[in-house]
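Visitor: Dumping the structure here so I can ask a few things about it.
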Amino acid sequence: MSFKRDKKEEEDSGGNPYQNLDKTIILQEARYFNQSPVNPRKCSLILTKILYLLNQGDQKFTTQEATEAFFATTKLFQSKDVMLRRMVYLCIKELSTLAQDVIIVTSSLTKDMTGKEDLYRAAAIRALCSITDSTMLQAIERYMKQAIVDKNPAVSSAALVSALHLSSTAPDLVRRWANEAQEAISSDNAMVSYHALGVVAGSKRNDKLSTVKLVTRLARAPLKSPYALCHLIRLAAQLVEDDDSDAAQPYIEFIECCLRHKSEMVIYEAAHAIVNLRKTARDLAPAVSVLQLFCGSSKASLRLAGARTLARLTAKHPTAVAACAVDLENLISDPNRSVATLAVTTLLATGAESSVDRLMKQISSFVSEISDEFKIVVVRAIRRLCTKFPRKHQSLAAFLAGMLRDEGGLEYKAAIADAIIALVEENAEAKETGLAHLCEFIEDCEHTALAVRILHLLGREGPKSRQPSRYIRFIYNRVILESGPVRAAAVSAVAQFGAQRPELLPNIRVLLARCQLDEEDEVRDRAIYYSAILDTGDQQLINDYIVNVPKPNPVLLEKALRDHLATTPDEPFNLLTVPAEEERKESKEAIVEIEVRKPVQMSIEEIYAEQLAVIPGIERLGPVFKTNTPVDLTEAETEYRVRLLKHVYARHVILQFECVNTLSDQLLEQVHVRLDVPPEYEIKSIVPCQKLAYDKPGSVFVIVEYPCAFLDSLGTFGATLEFVVRDCDPNTGIPDPGEGYADSYPLEEFEMGCSDQIRARAGSDDWEQTWERAANAPEASDTFVLSQNDINEAARAVCEHLGLPKAAVVGDAVKDIRGGGIFRGGAPVLVRARLAAAGGGVTMKLAARSPREDVAQLLLAAVG
Amino acid sequence: MGLLDKLSVWLGRGRAEVTVLVLGLDNSGKSTLLQALRPPDARAPPQHAAPTVGQTQEHFTSGGVAFSAWDVSGAPRHRALWERHYRRAHAVIFVVDSADHLRLVVAREELELLLAHPDMFGRRVPLLVFANKHDAPHALAPMQVAAALGLERITDKPWHICASCALSGAGLADGVAWLARQLRDAHLPHAHT
């Protein structure tokens with residue numbers, strides 16, 4: 001009772017003593033550091049305040065203020081108080097990125113780091129590494145090497161972790177400490193051993209052979225430290241993933257052997273690694289049984305680990321997980337809600353249709369008690385259920401709608417909206433109910449981004465429904481009640497209805513007319529724009545500008561506009577030259593990978609735009625039309641590896657030869673490419689690669705102008721790599737004195753085909769009409785006999801030649817390929833091909849329509 | 001020395017250490033000199049001193065005065081940092097390599113900048129100049145160094161030059177004793193009356 005009261009009082013009176021700190025006052029106080037003798041207690045307090053402010057981040061220090069504070073702090077080195085000194089180290093570390101001239105404490109820190117006081121040494125090393133730049137590193141190298149092999153584990157660990165941090169800025173230097181780190185791996189201290197392994201493995205990250213050696217050696221003589229062992233398992237798993245052959249067998253054996261280790265951490269890491277490897281369900285059995293044991297453990301963390309890994313595994317091997325159903329059932333009533341959630345969702349994913357209702361009931365009993373993160377897990381599970389059991393959509397949608405009404409953050413709400421959107425798109429029966437739920441949701445949605453997305457969806461799906469007018473009321477409510485961006489989105493959605501449902505057009509006109517009086521510019525602009533287009537009554541115009549609007553890739557569009565302003569601001573900008581946004585690839589989600597490794601999705605054009613920027617005069621070529629996927633011009637395991645990228649522009653092509661020198665004892669200089677171009681092509685300029693060091697990719701760029709006639713643009717290029725070789729020291733990369741010798745290296749030939757120059761896409765639903773509309777455009781057609789025997793194979797080959805995706809093929813016995821695209825320079829083209837098997841061969845009738853007849857002919861020539 | 005002993009007890013207890021700046025061009029011998037001034041038991045084993053980066057801090061006692069010495073790097077890129085210490089310095093030790101004829105002008109220029117700095121100008125801060133490495137061949141005599149540095153023109157500060165050899169420690173005690181005397185005089189003018 002009394003304890004309770006104390007606690008309450010504490011809460012009342014306590015609060016944060018560092019609240020309401022003011023930056024200027026503290027900087028004033030920091031001047032106190034200059035006084036002597038130093039008062040350690042008072043100075044520690046001031047340092048604490050500075051640290052608090054720095055970490056709070058709402059009152060940012062300017063460079064000058066930080067430098068002032070930093071120099072004042074350095075004065076405290078004259079005090080011998082241990083606690084104060086350690087505070088000084090912390091402060092130096094925090095200020096090191098903000099202040100100038102931080103290197104002035106280098107000598108003070110080296111003194112502490114090599115001194116007798118053990119309490120100073122580890123912290124001094126960490127502070128030292130945070131203040132040194134790469135130029136000063138040489139000076140402290142000797143001390144670092146000593147510290148790494150120091151017998152004090154704290155010092156050794158500090159040095160190793162610092163080395164790990166430094167390896168991002170000065171990898172070469174840290175690589176030289178590998179011998180010392182190697183020695184530290186066998187340390188008795190668990191942490192030192194782990195950190196040392198981290199440094200050694202990090203320094204060999206790019207060198208597969210020595211990583212293999214390292215793992216093999218350490219796997220044979222097992223490490224004592226469980227942390228280090230976990231890291232080793234990860235390294236081994238990485239090796240197995242890179243190499244599927246039998247050579248990886250010893251690593252798999254090693255990992256499986258770790259399943260019997262006495263430390264739970266190691267067991268889990270091994271099980272996790274096995275589950276992650278792409279293997280069959282049978283190989284997983286030992287790992288799964290370990291996870292199953294974890295589920296029954298008395299420790300909550302182990303239960304969570306087991307349930308979580310099993311949950312992730314369901315997507316890949318549902319059958320393997322199904323065996324654990326009993327254990328998971330037990331976890332449903334687990335006091336830890338996170339564990340219970342994972343158990344339920346896993347069971348949902350593996351269970352039969354009959355058990356869905358029961359499990360859903362279980363979830364709803366505790367859904368309000370779990371955190372957003374796990375609610376998202378539940379939502380994802382339900383979303384998968386929708387796909388798996390379409391018949392259950394009624395109850396699932398109702399459940400999702402219920403969750404949508406609950407409190408929750410944007411991410412959670414977005415996940416639910418995603419799930420409903422997916423439901424609407426996949427299941428025609430669920431469309432009406434799903435849309436109704438979404439309509440209800442936007443009535444009371446505080447997240448602008450989400451509201452805009454849902455409005456867009458309503459605009460797309462609403463007009464196709466049975467009673468479109470229902471949705472218009474919801475959408476128009478937004479126009480009256482919401483903020484600017486939402487109103488603008490609502491206007492666009494309303495316009496969609498007008499464009500697709502002629503019977504509603506008069507009403508829509510009235511609504512748009514009202515929107516023209518809006519106070520927000522964007523809303524007015526859109527309303528006027530859409531009214532004007534709808535008023536024309538031109539079906540083609542409406543289709544192109546309201547219903548089927550191409551969406552250019554925003555990043556490239558921005559770049560193209562900037563280039564356009566820089567070079568030819570007076571000419572009109574052609575939107576067609578910007579690549580359209582690619583259809584989102586089948587979302588792999590986290591299901592396939594059990595670990596969440598999400599690469600940032602970037603289109604290939606975005607990745608290379610930066611590299612191309614080095615070419616002088618690149619902006620004169622205009623925006624990049626298309627970058628083709630790279631082609632290898634050498635065998636995989638050769639001295640020099642060369643990949644070719646074709647960056648296609650309206651009138652030119654930039655050939656980027658991405659070269660990698662795999663010989664550590666050679667340095668290549670003045671690398672360029674001698675090109676044999678087909679007739680009519682003209683080489684404009686070559687940007688050689690001045691220096692190609694070992695394992696550092698470099699690129700040679702060749703700008704080639706296309707022939708005037710499109711038809712001449714098909715051809716074969718020959719290429720030879722030419723360079724000057726200089727022998728060098730494999731360790732330092734410093735070339736031997738003296739002249740090098742010239743050498744050349746033949747590359748494989750490559751083609752410039754039709755698919756390289758066209759941005760194609762598969763025909764959509766309304767392809768038939770588009771084709772008809774283009775009837776008066778010039779057409780080229782011909783009949784071919786294809787060499788392939790199998791009609792599927794033939795269809796695939798044709799698609800490849802034309803650059804069309806596989807989705808363009810429809811039909812079974814008679815294959816129909818339909819597609820369209822834009823040729824470089826902006827000419828649209830439509831193509832249709834009919835393939836039929838006829839007496840052992842395949843015949844094809846190919847027709848192409850384009851306003852530019854030569855483009856249509858080129859398409860035919862590409863196949864012929 | 002009864003009076004002095006009493007004085008030092010009184011000084012040691014009542015007054016804190018005196019802050020003294022040790023300045024000079026790179027490779028003039030500042031760190032070695034301070035190393036030689038440390039009490040024998042705290043002295044690190046003799047080794048070739050590495051160039052100081054930034055600053056280090058030493059404590060030593062002489063003539064009853066406790067010194068807290070700031071050894072500031074003399075490398076060209078770090079010389080700009082000297083001025084950060086001027087304000088709180090009670091005394092300055094300027095170390096010159098008397099065998100480095102060529103760079104004497106540089107030392108003179110730096111010294112002039114130091115004396116003209118707002119934080120230094122007009123303050124009665126004792127200036128002790130060590131003509132270091134006097135055992136080296138071709139070393140200049142202290143008087144020649146004084147002339148080369150233009151010390152005779154200094155009017156606002158007491159100054160003193162003495163030859164020294166930081167490696168052997170010769171001459172250091174004399175110089176520091178002068179400094180201690182100056183500081184005592186400055187802070188306790190009544191002690192002599």
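Backbone N, Cα and C atoms are what each Cβ position is placed from, and that goes for glycine too.
Caution: TrEMBL annotation is automatic and unverified by curators.
So TrEMBL has the following annotated:
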BINDING   B:GLY24, B:LEU25, B:ASP26, B:ASN27, B:SER28, B:GLY29, B:LYS30, B:SER31, B:GLY74, B:ASN132, B:LYS133, B:HIS134, B:ASP135  GTP binding site
BINDING   B:SER31, B:THR52  Mg(2+) binding site
Visitor: Fewest neighbouring Cβ atoms within 10 Å: which of the binding-site residues B:LYS30, B:LYS133?
Guide: B:LYS133
Visitor: Can you list which of the binding-site residues B:GLY24, B:THR52, B:GLY74 come closer than 8 Å to chain A, going by CB to CB distance?
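Guide: Listed binding-site residues meeting the cut-off: B:THR52.
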Visitor: Determine, from DSSP, whether B:GLY24 (GTP binding site) sits in helix, strand or coil.
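Guide: Reduced to three states, the DSSP call for B:GLY24 (GTP binding site) is strand.
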Visitor: Roughly how many angstrom lie between the C-alpha atoms of B:THR52 (Mg(2+) binding site) and B:GLY24 (GTP binding site)?
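Guide: B:THR52 (Mg(2+) binding site) and B:GLY24 (GTP binding site) have their Cα atoms 12 Å apart.
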Visitor: State which of the following binding-site residues has the fewest other Cβ atoms within 10 Å around its Cβ: B:SER28, B:SER31, B:THR52.
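Guide: Comparing Cβ neighbours within 10 Å for the binding-site residues B:SER28, B:SER31, B:THR52, B:SER31 has the fewest.
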Visitor: Show which residues of the chain containing B:ASP26 (GTP binding site), separated from it by at least 6 in sequence, have their CB under 8 Å from its CB.
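Guide: When sequence neighbours closer than 6 are ignored, B:ASP26 (GTP binding site) has B:PRO51, B:SER73, B:GLY74, B:ALA75, B:PRO76 within Cβ distance under 8 Å.
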Visitor: For B:GLY24 (GTP binding site), write down the residues of its own chain that are at least 6 apart in sequence and whose Cβ falls under 8 Å from its Cβ; none is a fine answer.
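Guide: Same-chain residues close to B:GLY24 (GTP binding site) (Cβ under 8 Å, separated by 6 or more) are B:LYS30, B:GLY74, B:PHE94, B:VAL95, B:VAL96, B:ASP97, B:ALA107, B:ASN132.
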Visitor: What same-chain residues, at least 6 away in sequence, bring their CB to under 8 Å of the CB of B:ASP135 (GTP binding site)?
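Guide: Expected: B:CYS165, B:LEU167, B:SER168, B:ALA170.
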Visitor: Find the longest CA to CA distance in the recorded GTP-binding set B:GLY24, B:LEU25, B:ASP26, B:ASN27, B:SER28, B:GLY29, B:LYS30, B:SER31, B:GLY74, B:ASN132, B:LYS133, B:HIS134, B:ASP135; express it in Å as a whole number.
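Guide: Maximum Cα-Cα distance: 22 Å.
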Visitor: Can you grab the distance from B:LYS133 (GTP binding site) over to B:SER31 (Mg(2+) binding site)? Cα atoms, rounded to a whole Å.
Guide: 13
Visitor: Name the secondary structure element type, per DSSP in three states, that contains B:LYS30 (GTP binding site).
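Guide: Note: B:LYS30 (GTP binding site) is helical by DSSP.
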